[in-house]
Amino acid sequence: MNFQENLAALDLEYLWHPCSQMQEHQNFPIIPIKKAQGIYLYDFNDNAYMDLISSWWVNLFGHNNAYISQQLKNQIDNLEHVLLASFSHKPIITLSQRLCQLTHMDKCFYADNGSSCIEIALKMSYHAHFLKNQTSRKRLFLSLSNSYHGETLGALSVGDVKLYKDTYTPLLLKNLTTPVPKNDNEIENSLNALKRLLDKHHEEICAFIAEPLLQCAGNMHIYSAKYLKQAVLLCKQKNIHIIFDEIATGFGRTGSMFAFEQCEIEPDFLCLSKGISGGYLPLSALLTRNEIYNQFYAPYEENKAFLHSHSYTGNALACACANATLDIFEKENVIEKNKALSGFIFNALQNALKPLIEQQVVSNLRHLGMVFAFEVFIQTKERLSLAVFKKALTKGLLLRPLNNTIYLMPPYIITHEEINKAITGLVEILDELKKG
């Protein structure tokens, strides 16, 4: 047993991995990673894997990015962490100012992961309505079908991906769901369904929560900005808060810095995480408006404070990485560069997958910014997502399909040469699976 195999065995003895059926790893070993550089992960046998999903959608500018790493090293020599109750630090103050200026929001409230950020938004929305009117009936939340907002109980309650939700249904909050349009032909019907729901329940609804334009865990479903804009306007007319979950879509992933910019509307609450720290350290931020903040601003004796906290809220090291990430966006004109890169990747996919599309093996090739996806229809002995994942690893590619949806969400530093190599490998995978 070599070092890699020994580590994998120890892993199975002591670790329980997320989003995994551990029994499968008895015959399919866990892969310990020794180091990473750029878009590559390296195991202890020096095998390289191209990280085409940005390590669960978090890594924007490559692993071991020289600039972010240096800013982290600078910070760690001064302050690693301090409680955020009655104390603060320069990285978080700087970051908060920058985020508010970027989003046109007013205040930042921090946590350390996306699900917690959603929980804060739900609590804050309900609490704000309660402070405004203590006889308010508003205690429900409205979300879109096919949505995903995390796996803590509140976040699961407003999600609609059954794989994650069904087992825990007895524990979840009662909430409302309205249909997301599957395509532009469904916009009118979806809006009419929303109108009917609002007519019946608007007095009970605290907030409408949505992932703008792209439902990532919902098989990378892209939906209309026109629909979202109209849905938000309908909700605002009924005194319903708007929560935008940009945990996965924020920081340039959809082609603009934030997806909501493409919808010509602004939320009351904005949830950010994943790419916020460039993929280095856990961090999330809920941004809101002074209109909300001021409802909690009162003498302590009035019992209006928002008493929610996390031990590592606003960690100084994570904030230093986040500031470094924003520096790169500013200095390197990332959004404009990504437009050209996105076009190159999509064109390469169109050309490479054309024969498979004609054979009806692949369908619905689509993209939004730096997200690319398509469905695959191949019969495999084991489930398709696992078959693709395994075969991709043999070709030095990290792919993690959602059901029969294969997607690419690469770091923004990926080169044309690396793209061509990845797509060549992808086509080989599909051809080999097709042959059985």
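Yeah, the Cβs are placed from backbone N, Cα and C, and that goes for glycine too.
All TrEMBL annotations are machine predictions without curation.
TrEMBL names Trp56, Tyr148, Ser309, Arg400 for binding substrate. Of Lys107, Lys274, Lys435, the residue it gives for the same site is Lys274. Summary of the site annotation: TrEMBL records pyridoxal 5'-phosphate binding at Gly114, Ser115, His310, Ser311. Screening the candidates Asp46, Asp51, Asp184, Asp245 against this entry identifies Asp245 as the one listed for that site.
Listed in sequence order, Trp56, Trp57, Val58, Gly114, Ile247, Ala248, Gly250, Phe251 are the same-chain residues six or more apart from Lys274 (substrate binding site) with CB atoms under 8 A from its CB. Here the CA atom of Tyr148 (substrate binding site) lies 10 Å from the CA atom of Ser115 (pyridoxal 5'-phosphate binding site).
Within 10 Å (C-alpha to C-alpha) of Asp245 (pyridoxal 5'-phosphate binding site) lie the following binding-site residues from Tyr148, Ser309, Arg400: Tyr148. With every protein chain in view, the residue among the binding-site residues Trp56, Tyr148 whose Cβ has the most Cβ partners within 10 Å turns out to be Tyr148. For Arg400 (substrate binding site), the same-chain residues 6+ apart in sequence whose C-beta sits under 8 angstroms from its C-beta are Ile53, Ser385, Phe389.
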